[in-house]
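Copied over from TrEMBL:
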- 20-44: transmembrane segment (TRANSMEM)
- 56-82: transmembrane segment (TRANSMEM)
- 94-114: transmembrane segment (TRANSMEM)
- 126-150: transmembrane segment (TRANSMEM)
Amino acid sequence: MENIPRQTSFGCFSLKLGSIFTALLIIVYSVLALAQCLAVLNVLPSRLSPEDTDAMVSYGVVITVTAVHAITLFITAVMLVGVLREKPHLIKPWVVWTSIQVTASLLIFVFWSTTNIISHSGESSLILYVVEFLCLTIRFYMLMLVASFYKQLEEGRDETERLRKLISPETWYSSA
């Protein structure tokens, strides 16, 4: 987490407000993505034959994407509670999970775009690449905001512990 660039604010707002905005936006996105996954599951054939590998792969992809969005929804809800109560241990799982997601998305984007360029596939327009890159950039910015707020809380907690030790009743008279 030390490698994530640090932010000081969310525009002209605080990191806490940026983290709350991030959590709410991702919760809405995850709920909509889960609804879309359930709609896709209803369209797929209900009975599969051993020869129907395309449908099996489709089921596997949809179930995997559904599981990822469900985990994201849960971890983001926990992160929102952690932000509101200023509990850094509730924020850290979201930072780790989102770091993994952003890294995987970046690798998939690079692989997908490279494959399309090498195979000269004219099916993908430039706007698709731009939108995907923009989504990755926004997701990385959200990660930076929440990670910065997490670091801010951790530093505040360390400072509080240091001050508590400094003014503890056992040591206050010996510090002079």
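Note: Cβ is positioned from N, Cα and C throughout, glycine not excepted.
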(message) How about long-range neighbours of the transmembrane segment (20-44): same chain, 6 or more residues beyond its ends, C-beta under 8 Å?
(response) 10, 55, 58-59, 62, 65-66, 69-70, 72-73, 76-77, 79-80, 83-84, 142, 145-146
(request) Using a Cβ-Cβ cut-off of under 8 Å, list the residues of the same chain that are 6+ residues beyond the ends of the transmembrane segment (56-82) and lie near it. (result) 19-20, 23-24, 26-27, 30-31, 33-34, 37-38, 40-41, 44, 48, 88-91, 93-94, 97, 101, 146
